[in-house]
């Protein structure tokens, strides 16, 4: 079942000559994690603002699966939580005071509020700093508090904007583990980050935005990349052999990259190499990295779908 | 939510030392300095004034000098940096009784001499001339025994021209004027500075993304804004009471004046509620308007200082030109200060009731404007 469906979405800022977003189509299943990546100014924040009900699309629709027939703003208030990149809390208040204040804005009873504060403190491992003023916390704890406040209302959908910026590897690990645990509990997550390895680790779907247009990447965890450096430049006729194997290859001078989806494809590829008797200088066989996709995509001016 | 919001705003204000200094310390310092500065007795002011007095050693000139010195002035024949210089003409007796209006004295004031001191010296010179003229007249007509020692003659003249017994000033007015002039003004000035913490906390919430986050919480942001103002309203009431305690009870004691009693508690209550409401409402407009900390400080502080100047806090209203006095009649700070003065005297009159009405209407209009401005502001919020 879908958490939300975005259809032909376009957004144009007043007086802007080109749309900030156009032709966006996303269908995100409940309990999945969507990674939003792209350079600064590519439209990620605009898309998050629309999903949060802060902006109204110029055209297209955003549909949240729900039984309550709520308006977008009401649905967001009830089921969606934001974790901004900034520390969106009160530095002069202690961790507990921050949590108590934000939980008081939710429609919980006093007892429920207390339970939510305790649960979230435990989830985000904030108990040991509960009485410290937020401004004196380390970067990692500040990030956890930022996340904890979002979790107070027990949201079904969570938007996170670079939630691990400026965080040490241990704290980053604990934040990512928490997000994985939330996903396992059925929470839907929209995650934006420039740290592509993180996105690759926790996201099920990835949308790359460039100048307001989207490319959709469904990362097949089994797909790997065979990178070979030959002694000589490869001939076009030799490379064309791969079209018969339906293996996607990229070739430039004496370098070849082949995207392998199964063992059978790997064996077929090795057989061809063996027959060709070309001199091989170097060879890697590795998980395809999102960084590779990202760089390839951003270097090309056209929009390609993988 | 309301209690948590109030608790949050109080913690935010008290953890910001600058806000505490502006709201509590600055008005106390102003009240103390201004009350102390104005508490100097007229006698002391005159005694400390350096007056140069130039004569030709005529008897009448010397007698004029003695009458003037009788007000407490220290007269010196040579004083290069005098506050005032008096040069008497010659043939004083002849000129005094002449029908021609020839100036008998030339007065030059130093650049640092205040208009109030100038007016006082002018008044005393005229009185000294009047006494001298009467003295010479009585000697001429034989009503004054010229064999009496000069001191006794002068005492007789002073007694005959003394009119103080015809004037009765209310006891309260004699004891309170210094306190009622400076304390209400600077108390109100401090209360209106609530604009700074309101603006700064709201700006912080906008800039660190808290307001966007709150927009996705199940809370109406207009309601949130009103609760925020309620918290500051309660703070403002506490601030008013604290400043009144300092200004009415402690400061008078420090300068050897009687403390001002809290006379009518219901008048005090009305004043606190209305003045704080007006201050917070006015502050809410600035808070909803400003987009940066610099704007908040310049606009919030600047508007308050200009309004205080126009309301007669810095220069007494009664020595301002008529046009400026009329402008003051439209200033919420002026209405507020008038109300506080009325509360100190413990007697509300028609003017005070009008001030309450003006301030309440002003607060209602300000709150409506700020609610509209805030609505526009939250409508423009988006994820950055």
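Every residue gets a Cβ built from N, Cα and C, even glycine.
Some features that TrEMBL has for this protein:
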TRANSMEM  B:20-39  transmembrane segment
DOMAIN    B:147-377  domain 'ABC transmembrane type-2'
TRANSMEM  B:183-203  transmembrane segment
TRANSMEM  B:224-246  transmembrane segment
TRANSMEM  B:266-289  transmembrane segment
TRANSMEM  B:296-315  transmembrane segment
TRANSMEM  B:353-374  transmembrane segment
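Contact between the transmembrane segment (B:353-374) and the transmembrane segment (B:183-203) does not hold: fewer than three of their C-beta pairs are under 8 Å, each pair 6 or more apart in sequence. When each of the listed stretches B:183-203, B:224-246, B:266-289, B:296-315 is scored by C-beta pairs under 8 angstroms to the transmembrane segment (B:20-39), B:183-203 comes out highest. Residues 185-186, 188-189, 192-193, 195-196, 199-200, 203, 283, 286-287, 289-290, 324-325, 327-328, 331-334, 337 of the same chain, all 6+ positions outside the transmembrane segment (B:296-315), place their C-beta atoms under 8 angstroms from a C-beta of that stretch.
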